[in-house]
Amino acid sequence: MLKRVFGLPLQLTSKRTLSTIFYQRMSEQATTNPATPAADVPVQQHKQKPGKGKKSKLQVSLKTPKGTKDWSETDMVIREAIFTTLSNLFKRHGGQTIDTPVFELREILAGKYGEDSKLIYNLEDQGGELTSLRYDLTVPFARFVAMNNIQNIKRYHIAKVYRRDQPAMTKGRMREFYQCDFDVAGAYESMVPDSEILDIIVEGLTSLGIHDFKIKLNHRKILDGIFQVSGVSDEDVRKISSAVDKLDKSPWEAVKKEIVVDKGQTEETADKIGEYVKLNGSLREVYGVLSKDPTICANEKASEGLSEMENLMKYTEAFGIDNFISFDLSLARGLDYYTGLIYEAVTSASAAPENAAELKKKSKSSEDASEYVGVGSIAAGGRYDNLVNMFAQASGKKSGSQIPCVGISFGVERIFSLIKQRMTSADIKPIYTQVFVMAFGGGKDWTGYLPERMKVAKQLWDAGIETEYVYKSKANPRKQFEAAEKSGAPLAVILGKEEYAEGKLRIKRLGPEFADDDGELVDANEFVAIVQDKLSQVHEDGVNEVSRLIRGL
């Protein structure tokens with residue numbers, strides 16, 4: 001029992017929390033020891049003298065810009081866990097991290113994003129350079145590779161990007177958001193890096209507790225071949241591709257109308273395209289249909305794409321990820337730089353509501369589209385073999401060997417919105433504190449053991465253990481327990497007045513369910529190892545609350 005922590009007898013009962021018990025005892029002690037400071041000392045208020053200063057006429061709208069938000073402490077705990085999970089994944093696959101400027105020369109970004117180029121944030125002229133905020137991390141990476149004459153690299157990059165899109169805040173669709181990218185640059189055997197990227201998508205999402213997803217996959221060469229055999233001219237291929245890319249948001253009738261009316265194609269061409277882009281299924285199913293189509297096989301581009309898909313199937317089977325993949329010919333990915341395999345991961349929350357058009361008309365908010373849009377894809381990417389060489393040639397560098405690239409980008413905000421839906425309690429603490437150091441005692445000679453608490457905290461910090469203590473010399477027990485409860489620390493190291501003088505510390509679990517537990521009295525020279533052992537037993541299966549939330553356990 002904690003018989004002499006205060007130099008007073010102490011009995012614990014399961015009906016009262018520790019903070020209540022300790023507070024009661026200290027209140028009694030304060031009565032018998034007038035030298036002990038009171039529990040609560042009122043803070044002196046200083047009033048401003050009349051006439052000293054004038055009210056400011058400046059009026060400020062206290063809000064964040066459209067499409068942006070502040071992230072709370074609890075949110076940041078979850079987001080940092082996502083970043084850590086993905087960073088560790090990228091490192092397992094040999095990734096090296098880099099960083100690039102948040103803004104690029106405007107000419108670097110121009111002409112790379114098709115119809116989405118209108119979403120780029122252009123900055124004002126600053127001393128003769130026209131610049132824009134980066135739209136993604138892929139184009140800056142290609143510029144980095146070309147500028148530094150890199151022949152091969154596995155790189156990952158976690159950073160913010162900016163798009164002037166219509167935000168849907170609760171769905172993770174924002175104007176300022178993080179992307180977590182992993183790309184492989186260099187010449188390798190066909191589809192070897194591509195298949196590993198697909199495996200990274202599966203590993204990444206499942207490690208974040210997301211299992212109900214599909215990787216929609218297509219091949220730009222096959223899609224371009226489909227357009228060609230349907231009667232689309234080469235100069236119109238990208239325009240038709242951007243129209244087909246809207247099939248995940250619009251019905252075929254709307255897309256067909258755009259192809260015919262807006263893009264100037266014939267009804268026959270649109271109908272032919274429709275026959276193919278409605279086709280989806282497993283890799284082997286769709287490959288089987290296309291490989292038996294003489295029109296497709298006779299097209300050079302489509303034939304090349306099918307040959308590469310045949311290789312891909314062998315590798316995805318080796319990785320055991322076929323069940324996550326859907327070969328979907330409607331996937332187009334509107335960005336201009338893709339040249340081969342393209343893919344995006346979607347969940348049941350990705351699609352817009354069936355009555356999205358009706359909800360959009362009824363919506364009263366022009367600031368947020370959350371009511372009538374879905375989360376969208378939570379990861380996306382593809383192969384872009386010409387982008388690095390395009391930058392190298394445009395800069396006047398000697399044309400060397402082409403540097404093919406393939407990569408994936410995880411959308412952190414969209415993933416966060418899915419993980420946040422799992423939160424059903426306030427168990428996630430925004431503080432990582434594992435141990436709270438306390439000191440209890442009384443009498444005229446009681447100093448509060450502040451330097452001693454600091455010394456104990458320092459020993460725990462040096463051992464890598466997150467530790468706190470109250471910043472007050474004579475902190476009363478109630479304040480210490482309230483601070484410990486707020487920190488979420490599962491363990492306390494207690495310096496009793498008499499026990500510490502004898503070279504002893506008390507280690508105990510915190511929380512109402514441990515009110516009957518007096519803890520363990522240990523030698524002060526050995527307490528760090530004992531704390532480490534007890535912390536390893538705190539969490540179920542050794543997994544803390546944040547990790548359980550992230551993994552969906």
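Here the Cβ of each residue, glycine as well, is placed from N, Cα and C on the backbone.
Note that TrEMBL annotation is computational and uncurated.
Pulled from TrEMBL:
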BINDING   Asp136, Leu137, Thr138, Arg163, Gln179, Asp183, Arg333, Tyr337, Tyr338  L-histidine binding site
COMPBIAS  46-57  compositional bias 'Basic residues'
DOMAIN    67-451  domain 'Aminoacyl-transfer RNA synthetases class-II family profile'
REGION    32-67  region 'Disordered'
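If you compare every pair of Cα atoms in Asp136, Leu137, Thr138, Arg163, Gln179, Asp183, Arg333, Tyr337, Tyr338, the residues listed for L-histidine, the longest distance is 21 angstrom. Averaged across the domain 'Aminoacyl-transfer RNA synthetases class-II family profile' (67-451), pLDDT for the predicted model comes to 88.
Note: Asp136 (L-histidine binding site) has non-local neighbours Tyr113, Val161, Gln179, Ser409, i.e. same-chain residues 6+ apart with C-beta under 8 A of its own C-beta. Per-site Cβ counts within 10 Å over the binding-site residues Thr138, Gln179 peak at Thr138.
Within the same chain, residues at least 6 positions away in sequence whose Cβ sits under 8 Å from that of Arg333 (L-histidine binding site) are Asn218, Arg220, Asp245, Ile342, Glu344, Ala380, Gly382. For Tyr338 (L-histidine binding site), the number of other Cβ atoms no farther than 10 Å from its own Cβ, over all displayed protein chains, is 25.
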